[in-house]
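Inspection log for the structure reproduced underneath, given as structure tokens.
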Amino acid sequence: MPPRIPCRAHRAACPTPAVRYGIRLQRRLASTSASAPDIYDVVCVGGGPAGLSLLAGLKASPITNGLKVALIEGQDLQKNRLPKDASLDSFSNRCSSLTPASMRNLQEIGAWRHANAARIQPYQEMQVWDGVSDARISFDWDTARSLGPRTPTQPTTIAYMIENVNTVSALLGRLEELGGVDIFASTKVDAIELGTDTEQLDLSSWPVLSLSNGKSLAARLLVGADGANSPVRTFAGIPSRGFDYSRHGVVATLNLSSPGWGGPDHKIAYQRFLPSGPIAMLPMPGNFATLVWSTTPERAAKLKSLSPADFTAMVNAGFRLSPTDLEYLHTLPSGQAEEIAWREKHTPTNERGLPVRVTDVQGGSVASFPLRMRHADTYTGERVALVGDAAHTIHPLAGQGLNQGQGDAAALVRTISHAVQSGQDIGSTLALESYNEARYAENNAMLGVCDKLHRLYSVESGPVVGLRSLGLRAVNAMGPLKGFFMSRAAGGV
Amino acid sequence: MRPAAGLTSARSKLGPHALRLPCSDRCFSVLNRPPPNYEGHIPLTRAERLGLALGSGLMSFLDPRRGDLIAAFGEATAQPYFINHLRDRMLLNPTGRRILRDRPRLTSTSLDIPRLRLLPKNTVGYAYTEWLDREGVSPDTRAQVRYIDDEECAYVMQRYRECHDFYHALVGLPVFREGEVALKAFEFANTGLPMTGLAVFSALTLKKGEWRRFWDIYGPWAARNGAQSDDVINVYWEEELETDVDQLRTRLGIEKPPDLRDMRRAAREARKKEKAAREAAAGAAV
């Protein structure tokens, strides 16, 4: 047993639980008792991309695959899986941009090959511009040359567009292949409390979960991957600070008139910063794209109420017309398509720099969600770790939310395997410290950058517009600096 | 054309990245003028625009009756920001948008002046013709816009210019210098076009009595009403010809200023009376 440093008074007062082997023994002895909880090394609450990635990572590693792990998910996991023969004529509206770092992590844990590759769209270029001044920056690895000559190993892909359901299905496929995870799907957590000190074993510092199916689980390490309103975070008493942007993200799956200006092999993502928030169109396979339009709640409600023809016209207008025209168009109850056709005649545009025209919107795919900024004070507590949205919620303008969750999961797997290797208690704050250290500052920086960008581009007129346009053009002209930003956004290549 | 063509071919040898430089800054020079964006458009370089603004500004300050110079000055100073801003204000208003869509032109034929003369006395149309007759001007004396680059903004400028006479009719200010200055101040507060603001500086050339009236009465009236009232550019005058002037003014939130002609007459009579009294007193003293 490694030396333990009593961190808190209540822990110091009571004897620490026995080593893992001992507990296994205890569990077997106590398994007949109805009141005694099942004892697990890791219990993960929440079967989203972050939680599943953590479990797949633990099970894929020879160091940690001996741990007894459980997954609790409120929804039916099988129902949310992508059908094997899913048609390429329709895509989910909830998509994410996976950075090369996240993709590599999914490859390392063996989940990437379980993904439906035909439904993943890598993109090689990104066009970002200012909706007020039209200052533009283009991201592709060719113009973002570092000082030396280009090496063949340098990547050409900026990121991979993937439906969240595809990511989840891939991870579930990998977990099934690996086996050894007790999955409690369609099961809710009724309560999380600290265990009790009985004659047989002392669980007084262990979280014990009461499930809706009547079971109770004790966790050496409880992982909260349970979203922005994380019950695990509440149990651990970790405050989460932040604010609402009073913006909504409108998402939709779009049909385009063609695969795009670069053809099917060179896909381009587009983002235009409007004063109400950025509008982004991200490429999906074939003639499809996914929309994320951050805008005011009123405008989001208006967009959702429009007919498909008017909505389609509004998306085209969002990339082309002036903020003034867009402001007016949102006040019309209907008839946007006709009004936009007239305005486009009087708005000079360079079509080559804009996404190809949207021809239709996939029925029922228009939805919206409120945008928030949240950051937990810490990601770890006594026998508790938070990953993904439970730890942080970010503005979607840089497409980093899911990637941060993947980064958390990978870092927590490293932390746990280090603790296992060095014989530490994986639930101790000491062992978990390195996870917090690895992720907190990095996530905080990314949250801050996205927040500042949101603020910078909310300004509608005045000297700020001139300065930010100057800055954007300057970065665009400086290849190595642009390359630095791109590698940061790619998850540190 | 030759040097520019040589430049283009030289640049194409530099590879695709060289071509990404904004073309507007590079190839537009006196030697290589782009084609006009609309009929009558004359594209200007920045230096030309500056020269035009300075020259026409100075000349129209010295001779305010040169309408063509004032027009050129207005166009040279309205770009790039102010005319776009005015266009945006039209785009935010349903009527303003309709005007931009229909692009109506105000001429003596489109307005049918003789018919307007037969309208009731309280209507906008009657006030307008009465004002035209009193001042001896015609809606056809307005110059064509030539120096605004964007064709829609050029229309906005044209519309502003053609509606200028209606503003006179709406507020009842005469065309001579004093009335014009007051109206320009009102227009500046209302439209934000720099020409109208700079024209207010011609108030410095007013006579002492006129200056006092401007400072005490018309200036404050113009600033208050111009800023508070709705945008007069968004009035579809063609549709308001039969509207009651007072109603329209109330709808726009404009107070009618005191009649300048009456005031000048009163001032003149007062001066005359004073002079006569002085002469009488002098005569009595003799």
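The backbone N, Cα and C atoms fix where each Cβ goes, and this holds for glycine too.
Keep in mind that this is a model prediction, so the values were computed, not measured.
Now, the feature entries from TrEMBL:
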- B:His164, B:Asp165, B:His168, B:Glu180: Zn(2+) binding site (BINDING)
- B:264-278: compositional bias 'Basic and acidic residues' (COMPBIAS)
- B:264-286: region 'Disordered' (REGION)
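Each of the binding-site residues B:His164, B:His168 was assessed for Cβ neighbours inside 10 Å, and the highest tally belongs to B:His168. Spatially close to B:Asp165 (Zn(2+) binding site) yet at least six residues away along the chain are B:Leu106, B:Tyr128, B:Trp131, B:Leu132, B:Val137, B:Pro139, judged by Cβ distances under 8 angstroms. With DSSP states grouped into helix (H, G, I), strand (E, B) and coil, the compositional bias 'Basic and acidic residues' (B:264-278) comes out at 15 helix, 0 strand, 0 coil. For B:Glu180 (Zn(2+) binding site), the count of additional Cβ atoms within 10 Å of its Cβ stands at 20 [all protein chains shown].
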